């Protein structure tokens, strides 16, 4: 198969391939970028593989950076762009079900392509637009089928993360997973215990954000991969429930919303502990927890001024959008009116602070002062106290009299 025209991203990189060829080596576009051209999808990466060894690659170009030279990768800076150029390689026995014990550089494109995960990712493209297909990847693209390169058992035994990648590709490409490949994924799902949680999180997160996330999640559940990931053991029915009520074309607004949906489906009450077990950032944990909290509050009442002040408009919209997607009653107008009616959006907008009260009212730092400031903040947010110095002083004096 030959492409009549290369996309602009690849055309811009053609001088790189030509320079390598002029130096006497082979060079091809490889990986997901080639697959995405053939599927008429947006191109995110332009990866180049070559028969030149790293030192030979560096000799061809004037500006290079060693970013992974032990694995054969050199970053080339050319034409105001950066390109990762990797030497054809083979890999020895894998350790930890993730990393090869040794990488050997080779001159053969086929040897390089045979170490790839799936046939649709094992395609190469030369500078003329000719597609090199050593493992029937074009046929699988046409069939919309995900198939492991070579023996599926070996591919997942080598690198168990490929199992999660398979679910993710099914979701992002809307591809069926070929039967033998899927059986091997099921058989080796237990190896996911050996993979770093951070890497599994990245793949599951990409799955959730894919257009056909339900398909990917269905494969994930059928393979029982959930049993080997944090907080999901024996939660098949709840995970299946994650897909309930959404129409076929629903996609999540954000990763935070997607993970909030999972927590809600799992009926977890220790959201942060669950998210921490996935080694997510504190900021991510906070945002997901806000969405979950607001979603649960909405099960019994409309959101109050204090709810919107504490958790913010963005989390409230994501929560309400989740309700809408599930066919539950929503009230965006009330929510936005309530938010717009807030007199402050942050405690730093209050016209007095602890230092002022200590000086003006001769108060001492401590729990009493902190408690009073919380009362002031709450009263201002709820609209029962004006954010004015005199009003706040009078409010505090009255509170002190009542204590």
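Cβ coordinates come from backbone N, Cα and C, glycine included.
Secondary structure from DSSP puts residue 159 (CTP binding site) in coil. Feature annotation from Swiss-Prot assigns CTP binding site to 32, 35, 116, 159, 162, 165, 168; the stated evidence is sequence analysis.
Counting only same-chain residues six or more apart in sequence, the Cβ atoms lying under 8 angstroms from the Cβ of residue 162 (CTP binding site) belong to 117, 118, 148, 155, 156. For 32, 35, 116, 159, 162, 165, 168, the entry in Swiss-Prot reads ATP binding site.
Other Cβ atoms within 10 Å of the Cβ of residue 47 (Mg(2+) binding site) number 17 in total over all chains. Taken from Swiss-Prot, the feature Mg(2+) binding site covers 45, 47.
Its own atom aside, the Cβ of residue 168 (CTP binding site) has 23 Cβ atoms within 10 angstroms in the protein chains shown.
If you draw a 10 Å sphere around the CB of residue 165 (CTP binding site), it holds 20 other CB atoms from the protein chains shown. Here the binding-site residues are 45, 159, and the one whose Cβ sees the fewest other Cβ atoms within 10 Å is 45. Sequence-distant neighbours of residue 35 (CTP binding site) (same chain, six or more apart, CB under 8 Å from its CB) are 120, 121, 123, 137, 141, listed in sequence order.
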